[in-house]
Amino acid sequence: MAKSINFVFLILALLAFAPLCLCHVNTFGGYLYPQFYDRSCPQAQQIVNSVVSKAVAREARMAASLVRLHFHDCFVKGCDASILLDSASGIISEKGSKPNKNSIRGLEVIDEIKSELEKQCPHTVSCADIMALAARDSTVLAGGPSWVVPLGRRDSKGASLSGSNNNIPAPNNTFQTILTKFKLQGLDIVDLVALSGSHTIGNARCVSFRQRLYNQSGNSKPDPTLDQSYAATLRTRCPKFGGDQNLSFLDLVSPTKFDNSYFKNLLSFKGLLSSDQILVTKNQVSFELVKKYAESNEVFFEQFAKSMVKMGNISPLTGFKGEIRSNCRKINA
Ligand code: HEM
Ligand SMILES: *[C@@H]1O[C@H](CO)[C@@H](O)[C@H](O)[C@H]1NC(C)=O
Ligand SMILES: *[C@@H]1O[C@H](CO)[C@@H](O)[C@H](O)[C@H]1NC(C)=O
Ligand SMILES: *[C@@H]1O[C@H](CO)[C@@H](O)[C@H](O)[C@H]1NC(C)=O
């Protein structure tokens, strides 16, 4: 009697969990691994590297733009190349979101890599993996650490404009809001501080930090946690009205070199974005981490590499989910 009840229970349990398991292909070996293309496209990584190298040689800033592209992809439905889709029937492009509009760059570089890969290994390498590799290569080219990139992501058949607007932190978000947005992606405060270190390269537009220069808290005063002579310099290129798209370096000391000067800047109140400076002014744990990375390039590099792999693992599509797009800008017909 007890046995037959157990048996019935087992069957019920199987019935209850079977559909769950079937739709979670990830549960059955759907993980990412570095050798994913070793047989199907052994030259994949070399192709990515060669196009990225040319692009960064043409324009140093491109390294920064490609790192950011991977971040803005991963925070919206996972690292699934949703950011690359143009608007089409049933798709509203993420490119028009608040954090992306007039801001994301590097799309043509991804196109160039994709078209080269389609020539040499048709329908094989995903756009999502291209972005993960391009982010790693860009970091290395700018003088930063290298890491082995787990591969095997597939591309989404849709985009999420609301996800792009809501999940990606804004530069004037509070520390708590930013940390919460990271935690929703499975990232912690260590990842937040280390990954913010990518602001050691690249630029920001006047609109992204103007509030700090003129009216930080609605009292018509600049942000008191911003070095006042640095603020004065920034105001010359970012007036109260106009010049919205004017650029400033995120790291004033070594704007195209991937190093730990970003963290040193924060300690002297020369972070460009409010979201940068609050890492030292609003939370003791993040402050300690900033000091640690400011003291040692090596310690920063090691954590940055780890956190990039972790970010790259956010909800990938694997197995039979998604597809390998032949054009990164649109889903396959
Ligand atoms: C912690 C929350 C973050 C906020 C609030 C933030 C915000 C921003 C903003 C406002 C810009 C300037 C955009 C513009 O004005 O056009 C920017 C640039 C950049 N961000 Fe972040 N970011 C964050 C985290 C990250 C992370 C995690 C990464 C990469 C792992 C990253 C990589 C970059 C890079 C490389 C640039 C320069 C891009 C270029 O020059 O094209 N950021 N970020
Ligand atoms: C943050 O910036 C946005 C865009 O400039 C603005 O609309 C919003 O009011 C700002 N939020 C705060 C709390 O200052
Ligand atoms: C500063 O911001 C506050 C609230 O956002 C606004 O009421 C005030 O008019 C602004 N002051 C200036 C000089 O723009
Ligand atoms: C934008 O920056 C340029 C210098 O690169 C400067 O000449 C121009 O005046 C700036 N625009 C505004 C509105 O300040």
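For all residues, glycine too, the Cβ spot is worked out from N, Cα and C.
Quick look at what TrEMBL lists:
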ACT_SITE  His72  active site, proton acceptor
BINDING   Asp73, Val76, Gly78, Asp80, Ser82, Glu94  Ca(2+) 1 binding site
BINDING   Pro169  substrate binding site
BINDING   Thr200, Asp251, Asp259  Ca(2+) 2 binding site
DISULFID  Cys41-Cys121  disulfide bond
DISULFID  Cys74-Cys79  disulfide bond
DISULFID  Cys127-Cys328  disulfide bond
DISULFID  Cys206-Cys238  disulfide bond
DOMAIN    31-332  domain 'Plant heme peroxidase family profile'
SIGNAL    1-23  signal peptide
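Projection of TrEMBL feature records onto the structure.
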residue	record	Cβ contacts under 8 Å, 6 or more apart
His72	active site, proton acceptor	Ile83, Glu94, Pro99, Asn100, Ile104, Ser164, Ile168
Cys74	disulfide bond	Gln185, Met311, Gly312, Ile314
Val76	Ca(2+) 1 binding site	Ser82, Ile83, Glu94, Ala159, Ser160, Gly163, Ser164, Asn167, Ile168
Gly78	Ca(2+) 1 binding site	Ile314, Ser315, Pro316, Leu317
Cys79	disulfide bond	His70, Asp73, Ala128, Met131, Ala132, Arg153, Met311, Gly312, Asn313, Ile314, Ser315, Pro316
Thr200	Ca(2+) 2 binding site	Gly144, Leu250, Asp251, Ser254, Lys257, Phe258, Asp259, Asn260, Ser261, Tyr262
Cys238	disulfide bond	Cys206, Phe209, Arg210, Leu213, Asn246, Ser248
(request) Could you state the whole-number distance in Å separating the C-alpha atoms of Cys41 (disulfide bond) and Asp80 (Ca(2+) 1 binding site)? (result) 20
(message) Quick check: of the recorded positions listed here (Asp80, Cys121, Pro169), which one has the Cα closest to that of Cys328 (disulfide bond)?
(response) Asp80
(message) Let me spell it out: for each of the disulfide-bonded residues (Cys41, Cys121, Cys127, Cys206, Cys328), count the other Cβ atoms within 10 Å of that residue's Cβ, using every protein chain shown. Which one has the most?
(response) Cys127
(request) List only the single closest residue to Cys127 (disulfide bond), chosen from the recorded positions Asp80, Cys121, Pro169 by CA-CA distance. (result) Asp80
(request) Tell me, roughly as an integer, the mean pLDDT over the domain 'Plant heme peroxidase family profile' (31-332). (result) 98
